[in-house]
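Quick look at what Swiss-Prot lists:
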type: BINDING; residues: Ala88, Arg89, Asn195, Ser218, Gly219, His220; note: pyridoxal 5'-phosphate binding site
type: MOD_RES; residues: Lys221; note: N6-(pyridoxal phosphate)lysine
Amino acid sequence: MSQDLSLQKFGFIKRDTPRTVNLDPLQTGGLLTPEAREALLEWGDGYSVCDYCGGMLDQIKTPPIFDFVHKSLPSFIGMDHARVTNGARESKFAIMHAMTSPGDWIVMDGNAHYSSIVAAQRARLNVKLVPKTPAPDYKITPEAYAAAIEEVKQQSGKPPALALLTYPDGSYGNLADAKAITNLAHDFGVPIIINGAYAIGRMPFKGKDLGADFVAGSGHKSMAASGPVGVLGVNEQYAAKVLQKSPTHKNKEIEFLGCTARGATIMTMIASFPAVVERTKPESWEKEVSNARWFSEQMESIGMKQLGDKPHNHDLMFFEGTVFYDISQKTDRYFLYRELKEKSIHGIKPGLTKNFKLSTLGVGREKLGFVMDTLKDIIKKYDG
């Protein structure tokens, strides 16, 4: 049977991205474990997890979704209650929608991800951004949060309904003083969300220890899961609001539209969970931070400056410099991407030469050394 010509570009599509070394901050924490790859095939059908479902996703005993959501996950993220969502942005919106009314204010850091702002806009909130310090640090300080909250009070006559802290931010990998900021928010009577999309699943993280009332995490970004999938954490004080059930469909939680991640998404998260727990132990994370700092030093030795926290405390880093940009002016703007692709190194976006961000999570010192040797060889090739 001949196939419609317009359909031939669909069907199975092979990925041609080089993946011997992956430095893409969006991808390093979401690389599937071998167990998750098996789960992807076993549970890939849309409603596969619903073979023995009684009407509530989080109550499914076979597979052990109930134990994961109600026992393992709250302990792992350090919160009283947890839910699996369709991503960190969905977690943030669910919290905002449950906790606020249209026209309320939310204060969030100036390094916040765009999805935090869009989630607030979807909830019909006014957004006050906390200024970051100037280059090269781009820090978020408790004092700046206090000033922003005071400005909202003066403008609206009351404190903001919510605050949000990005921990770490997705541009520079900065880890703000979360405990000081959450304490300050609470002094003003403001509950606070910690967006841990680049923390939960990558590094040690306990929301209550940081003073969070709510947390949002990303499975496909940081928990070795197939997306879209995320996590939401809430403490007992606000659980009734965020986890409220429908008055007409009494086993369905309103903010999650009943059920969220099904099939491959939640099952790959569960399959990777033992490995994720292991890699977030302090001793494992210390090695990751050591590798990131080593790589930062090596990059600075060739003329690229690392921005943000120094010494750095996260795998995500932002670099800027002219060494590759100057070469691009003599060749073309895509030369760096092309040269790295030939060595099967992925992660720096095509066309970026003057500034770019990358992640060293899980790459290891040997492969990071290979990346540095490759970058040095590229410089010699064009400037030698």
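Just so it is clear, glycine is given a Cβ too, placed from its N, Cα and C backbone atoms.
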What does the structure give for the C-alpha distance between Ala88 (pyridoxal 5'-phosphate binding site) and Lys221 (N6-(pyridoxal phosphate)lysine)? Integer Å is fine.
9
8 Å Cβ shell about Ala88, Arg89, Asn195, Ser218, Gly219, His220 centroid, pyridoxal 5'-phosphate site members excluded:
Gly87, Glu90, Ser91, Ala197, Ala216, Gly217, Lys221, Ser222, Pro228, Val229, Gly230, Val231
Give the three-state DSSP assignment (helix, strand or coil) for Gly219 (pyridoxal 5'-phosphate binding site).
helix
Would you mind pulling the longest C-alpha to C-alpha span across Ala88, Arg89, Asn195, Ser218, Gly219, His220, which the record has binding pyridoxal 5'-phosphate, in angstrom?
15
If one measures from the C-alpha of Asn195 (pyridoxal 5'-phosphate binding site) to the C-alpha of Lys221 (N6-(pyridoxal phosphate)lysine), what distance in angstrom results, rounded to a whole number?
13
Among Arg89, Asn195, His220, the binding-site residues in question, whose Cβ has the most other Cβ atoms within 10 Å in this structure?
Asn195
Please list residues from the chain of Lys221 (N6-(pyridoxal phosphate)lysine) whose Cβ is under 8 angstroms from its Cβ, counting only those at least six apart in sequence.
Leu26, Gly29, Gly30, Ala88, Ala197, Tyr198, Gly201, Gly227
So for Gly219 (pyridoxal 5'-phosphate binding site), how many other CB atoms are inside 10 Å of its CB?
33
According to DSSP, does Ala88 (pyridoxal 5'-phosphate binding site) fall in a helix, a strand, or coil?
helix
